[in-house]
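S.K.: Pasting the relevant annotations from Swiss-Prot:
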TRANSMEM  65-85  transmembrane segment
TRANSMEM  88-108  transmembrane segment
TRANSMEM  123-143  transmembrane segment
TRANSMEM  183-203  transmembrane segment
TRANSMEM  212-232  transmembrane segment
CARBOHYD  233  N-linked glycosylation site
TRANSMEM  242-262  transmembrane segment
TRANSMEM  281-301  transmembrane segment
TRANSMEM  315-335  transmembrane segment
TRANSMEM  347-367  transmembrane segment
TRANSMEM  380-400  transmembrane segment
TRANSMEM  409-429  transmembrane segment
TRANSMEM  455-475  transmembrane segment
């Protein structure tokens, strides 16, 4: 249930002195910038790994830990972050996350050795894990009616691909021109500014003291996700016959099953029991698992193909993906009108189908095309990425509608966990396919074009299966949909984004929030 108590803005906040519409947009800007940075910080070091390896003495088989450790802590801390946000206030945990990101980048910029850098990257993952679920919950509670929420989610979602792409462009340029540490200096500046924005513009959210933290379930879930993500990410380094890798995966899966058992026994489960019985909620988790995993895998494989096989420079490779990132923003603008015109289910299926078509197009884009490769790669990237907001906006909207407003942070945690675990699972599968197609090139075993193409076919198959799953398994009930949308439009969220005015009653405050538009 949502609290009817009005929240108060700290007196130092500009939100106390501006119109509700301006304040709404400032909240959207703050959460979107941090979402952008979560992916920017991951992709920006991708092409700087050789420089880092040489400077800090990483072994060639260990350098990927700069990426892996970020993924592990990011995924592992999502559920606890969602619960902490609901218990102590969404904005408090969000600000704690941005502050953690800032501190971690201080460590990264000054890291004297590889241990210090890995520690800093692990802390960065914790910060990202604290911000991701609470940022989504902040938006869903700030924009309670479906139309304005979908507009906000479209903008929020579109900046994800932009963060990945601009991260590769900026990171590769800085690594070549100013050294790899300059990447973390830039991240330090941006995360510091994000912390200031969050302190200035995020209102206070109601604390849910009636929702104690599920400590046993959270501990088991965190350990299970961490081991699973570790094992899957390490498979590309150790191979599928490694005892350490198999142990991590098996223990991770077993702990996640134990988590389900714990949730059925405890009196205060982290994930409310009604969610496990919600067909639409589970279908949306499958959709985000498939889409998130496919997008992350596609981005990694396509950039590696351009650099390792086609011989492009890192900067040129990154630039080729820029049009796709801006195309995602353009498609995000049209996501909400399309949903209103054709319905959430149809647009979701269309978004998954578009990205699957983009993966199929990539499966035909190889060196055999000759001079057309740059143009073809750019165009196929646009096809793939343009479906991102089209698929994610209805997915988020449907998922959040199945959840009580007070549980949106945990729902956001599950959303992001499905995304991260999907990325690890599908990338591991793609790496296994590529490893089967290696050949000796000048004494070095490299992945052949057939290996990359097989990986793109895997991505297309996963996305196609997800589209079919949504078509077959998700059937929205018209009456239930209207009822839920009416409840949301009339709800008094835990957030009062208008100026504090004690002379107005809670009903008037709720009406001002529900009527506000972007």
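Residue numbers in this text run from 1 along the chain shown.
Even glycines carry a Cβ here, placed using N, Cα and C.
What does the local environment look like for each feature on the list?
M.R.: Non-local neighbours of the transmembrane segment (65-85) in the same chain are 38, 41-42, 45-46, 49, 52, 58, 92-94, 97, 117-118, 121-126, 128-134, 137, 211, 213-214, 218, 221-223, 225-226, 229-230, 233-234, 270, 409-414, 416-417, 420-421, 423-424; each lies 6+ residues outside the stretch with a CB under 8 Å from one of its CB atoms.
Cβ atoms under 8 Å from those of the transmembrane segment (88-108) belong to residues 31, 34, 37, 41, 81, 116-117, 119-121, 123-124, 126-131, 134-135, 137-138, 141, 181, 184-185, 187-188, 191-192, 194-195, 198-199, 202-207, 409 of the same chain, restricted to positions at least 6 beyond its ends.
For the transmembrane segment (123-143), same-chain residues at least 6 beyond its ends with a Cβ under 8 Å from one of its own Cβ atoms are 24, 27-28, 31, 34-35, 38, 41, 69-78, 81-82, 84-86, 90-91, 93-94, 96-105, 107-108, 149, 151-153, 156, 191, 202, 205, 396, 400, 405, 408-413, 415-416, 493-495, 497, 516, 518.
Counted within 10 Å of its Cβ, the other Cβ atoms near residue 233 (N-linked glycosylation site) come to 23, all protein chains included. Reduced to three states, the DSSP call for residue 233 (N-linked glycosylation site) is helix.
Cβ atoms under 8 Å from those of the transmembrane segment (242-262) belong to residues 216-217, 220-221, 223-232, 234-235 of the same chain, restricted to positions at least 6 beyond its ends.
Listed by sequence, the residues of this chain that lie at least six past the ends of the transmembrane segment (315-335) yet keep a Cβ under 8 A from its Cβ atoms are 47, 150, 154-155, 157-159, 161-162, 164-166, 168-169, 171-173, 176, 299, 302-303, 306-307, 347, 374, 377-378, 381-382, 384-390, 393-394.
Listed as Cβ neighbours of the transmembrane segment (347-367) (distance under 8 Å, sequence separation of 6 or more from its ends, same chain) are residues 287, 290-291, 294-295, 298, 302, 309-310, 335, 338-339, 373, 376-377, 379-395, 398, 449, 452-453, 456-457, 459-460, 463-464, 466-467, 470-471, 474.
Residues 71, 74-75, 78-79, 81-83, 85-86, 90, 129, 132-137, 140, 225, 228-229, 232-233, 235-236, 270-272, 275, 285-286, 288-297, 300, 396, 399-400, 403, 458-459, 462 of the same chain, all 6+ positions outside the transmembrane segment (409-429), place their C-beta atoms under 8 angstroms from a C-beta of that stretch.
Within its own chain, the transmembrane segment (455-475) has Cβ neighbours under 8 Å at 279-280, 283-284, 286-287, 289-291, 293-294, 297-298, 301, 345, 348-349, 352-353, 355-357, 359-360, 362-363, 398, 426, 429-431, 433-434, counting only residues six or more beyond its boundaries.
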